[in-house]
Amino acid sequence: MADYTEMYEEQTDITQQQERHYYLLSELQSLVKDLPSSCQQRMSHTILSDLALALIDGTVFEIVQGLLEIQHLTEKNLYNQRLKLHSEHRAQRSSAIMQAHNMSVLKASQQRELEALEQRIKEEQRMMDEKIVLELDQKVIDQQSTLEKAGVSGFYITTNPQELTLQMNLLELIRKLQQKESLATNMYS
């Protein structure tokens, strides 16, 4: 009797997983219709079916949410670093200009110092911008790797713009489906 109960529960689990898979696949197919036609063409039934399978237990939703939070914190941190650098540069410029105004005639050496300051500021800003781009690129690689390891179809480390666009669209589908499920859960609880 215990064997029969276990078989029945196992069959029920399989049936529930199949129903959830069909539901998620249907929802993904519906959401794909909102994407530009060029993106829709790249979203094959196989990709969507594999994505639906990966989403069944909700783990991928949690992973994507965690990655999104990390990305937002990183972006905020980098933005604040850039603002701080900009503020420091503004203070340095103001100080240099005040010194120049305190003298009736701007000497050639002071003019060179001011030009050197402007050049240094420009170089520091360029270096900061490069650092930001590199750090954001690394976040993309980290996200791709995490989602690939989680078994999410379509994710692997790449810099190919078309593949990145596909991955961004897949993430958008996951996010929208997560929001939809969250709203449904909140309505019924």
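Our numbering is plain: 1 for the first residue shown, then up by one each step along the chain.
Just so it is clear, glycine is given a Cβ too, placed from its N, Cα and C backbone atoms.
As stated in TrEMBL, the feature coiled coil covers range 100-134 out of the listed 65-99, 100-134.
For the coiled coil (100-134), the mean pLDDT of the prediction comes to 82.
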